[in-house]
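According to TrEMBL, the protein has these features:
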type	residues	note
DOMAIN	8-57	domain 'Myosin N-terminal SH3-like'
DOMAIN	62-732	domain 'Myosin motor'
BINDING	Gly156, Glu157, Ser158, Gly159, Ala160, Gly161, Lys162, Thr163	ATP binding site
REGION	613-635	region 'Actin-binding'
Amino acid sequence: MAAQASIAVGSQVWVEDPDEAWIDGEVLKVNGDTITVKCSNEKTVTAKASHVHAKDPEESPCGVDDMTKLAYLHEPGVLQNLKSRYDMNEIYTYTGSILIAVNPFRRLPHLYDIQMMEQYKGADFGELSPHPFAVADVAYRLMLNEGISQSILVSGESGAGKTESTKMIMRYLAYMGGKAATEGRTVEKQVLQSNPVLEAFGNAKTVRNNNSSRFGKFVEIQFDQKGRISGAAVRTYLLERSRVCQISESERNYHCFYMICAGSPEEREKYKLGDPSTFHYLNQSNCYKIDGLDESKEYLETRKAMDIIGISSEEQEAIFRIVAAILHLGNVEFAEGDDVDSSKPKNEKSMFHLRTAAELFMCDEKALEDSLCKRIIVTRDENIVKTLDAEAAKGSRDALAKTVYSRLFDWLVTKINNSIGQDPTSKCLIGVLDIYGFESFKTNSFEQFCINLTNEKLQQHFNQHVFKMEQEEYTKEEIDWSYIEFVDNQDILDLIDKKPGGIIALLDEACMLPRSTHETFAQKLYQTFKNHKRFVKPKLSRSDFTICHYAGDVTYQTELFLDKNKDYVIAEHQALLGASGCSFVSGLFPLLSDDSSKSSKFSSIGSRFKQQLQSLLETLSSTEPHYIRCVKPNSLLKPAIFENQNVLQQLRCGGVMEAIRISCAGYPTRRTFLEFIDRFGILAPDVLTGSSDEITAVRRLLEKVDLQGYQVGKTKVFLRSGQMAELDARRNEVLGRSANLIQRKVRSFLAKKSFIALRRSAVQIQTVCRGELARRVYQGLRREAASLKIQTRYRMHNARKAYTELSASALTIQSSLRGMAARKEIHFRRQTRAAIIIQTRCRQFLARLDYSRTRKAAITTQCFWRGKVARKELRKLKLVCLYVT
């Protein structure tokens, strides 16, 4: 790393500008400790020498992929390097072993496909471009090779892209540890599909992030000895319950509420849902849609993910019925009742939503109304029913909604863990931490207080690992080392969670006192921490307080601190839903025994959350950590915008500058003398001969291999970045040469053995083949002789058969011809005889016919003539008679 160059007139420099963080320019004048610079924005700035840094004349417009390679190590150089890479869509940059990820606010699918994962599989760290896959691959290979559990801590402020980075890491681990060609619900599929389910019920749009995680998540992925995923567990921390009932302008409630409102018409009709703007828990903000997000498609994807996880269709139905019931519950308004300080549903619309909520919860409508409007005070002698006014009933309604949603979210986490299952035989795991980023809003309540405490704890873990433990080990080993200063936040942690005088302890104490208010709590804080340099009392407020966090000052409003710190379920709500006709709902509210209910009357969320954080940090401390620092380039959540001041503040808060310095100046690789000799003794075997002690042997070994810049401590060897890789390369060369020699001997032996076996096999094969060929020739001769006999017999048979057939045919033809001639002759004779008979009969017939005709004609003629004669005689007789008379 080059030292800061001398600054002369005309040189190119970076100068600190209050408006733009750092800006480049040219030196006009140097006057002692004061330097005048003409900036690129045409302004002329006079600044102290400590606020001016030389610019690298050979700086690449593409930047460097590892900021430990920067020629000049200062804030403007780091900032410019990130900006140059960001402008080219190179959003990932190394800081030694730490990955800096700048949120592009756009889809870059080519960076995360299967081909990209295949490239990073087994690649050395730093060999390829910076990427979350590289960090995940290093963690995976370290776990396999050294048998040490790993953790990957993804940190950054809200909207910096932590959740997406976590998803990419889990995808890569699932790719590396998944079972090839498997069907059904495998562990890796269930682990990946837990993300969309938890996002649907635990993520929401905030001012700073369209998909902000409103809970912390630590995923423990367990592996077997072969590196396959064998189990997993999801640990969640501090769901923001108040968001269910109250959202700020430009924000949204949890995604699941909008998904169910975008479901199919049949489902909306079944749950009696409409547009999100009709529900009180959703219409407190005018934001109902997110650009580029299809709620109906997300709803189907969530249901599909639930199927893969193992949530049955009946359980899914109950889950979304509860979500719909919460929406209807929020629309129940209250008005003054008939009695003093009593309340009742305001109008028929409220009664409709009350009835619908009761139907969806499968509980009695009247019992639900009473649980919202009344309280039962248990005394020694009797139970007294106390009515609640409208405002108290509204608070009871919101408390019920928050409790139900919180229990539902806890059930989902438990179901996911039970469905995936844990491997009790697993020795190693990789933990991926995705937890809320540092938050500072216009109004900061108890949730922001706990979230920022988490970030303080993680920052301390980062300091412990990167700075404190590193430098303490250098001091312990008594090596030559220049101490690097860094901001230690232990005093903030003592301020918040120290017992008995920390803020959380005082908050628990105030919650247990019957007449405490947020104002008395605030006064207690002012009195206790009036001289604390990290605690500030705002001038214009009677109950707010400000903490100077590592990432900036945050002012907290204490109005709801006491209520939000109390974690208990109202007895009426417990009894109501515990008796639900739906087994799923009643399962969320199991009946408690009297002893347990009394002992759990007050439970501090702050103290329990502190214990969860302590458990998380203990888990992280037992693993080898890897860090991904996510950076939000602008507060507009839009691509191609890089706000220098915003990014610089995040770099300062994340300790990136100190990390670069310690990576460049420190010794990231260290091995005990025994481990070092055992691993690299083959580089110079002669130095190990004799009775020299370990440290002498190590020094002689290092001198022999001509390594520069190392340090030898009391029990360990400390190597600079890259030196371990150099030694491993030399070791691989020696092993390669030795392997070649062994391979030659083995191959020679195997070749000789193979030749003898091959020759013996060839002789045996030839013998068998020749015998087989002789048998085949003899068999062929036998078949040929047999075929000749068969042909002779066959031809003789065919000739005899042909002659016999021909003779029989000739006789048949002759007989037929003679028979035909005889038949013709007899036929002719018969015809002749028949003709004569016919002629005879015909002549006879004609003669008879002629005789008959002649005879008939004669008779007719005779008759005619006789008649004529008779008539003539008759006339004569008539004339005679006439004359006589």
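The count begins at 1 with the first shown residue.
For all residues, glycine too, the Cβ spot is worked out from N, Cα and C.
For the ATP site, the Cβ centre of Gly156, Glu157, Ser158, Gly159, Ala160, Gly161, Lys162, Thr163 serves as reference, and the other residues of the chain with Cβ at most 8 Å from it are Asn103, Asn209, Gly437, Cys630, Lys632. Sequence-distant neighbours of Thr163 (ATP binding site) (same chain, 6+ apart, CB under 8 A from its CB) are Glu199, Asn203, Asn211, Ser213, Asp434. Take the CB of Ala160 (ATP binding site) and look out to 10 A: across all protein chains shown you find 25 other CB atoms.
Helix first, then strand, then coil: DSSP counts for the domain 'Myosin N-terminal SH3-like' (8-57) stand at 3 helix, 31 strand, 16 coil.
Here the region 'Actin-binding' (613-635) has, by DSSP, the following mix of helix, strand and coil residues: 9 helix, 8 strand, 6 coil.
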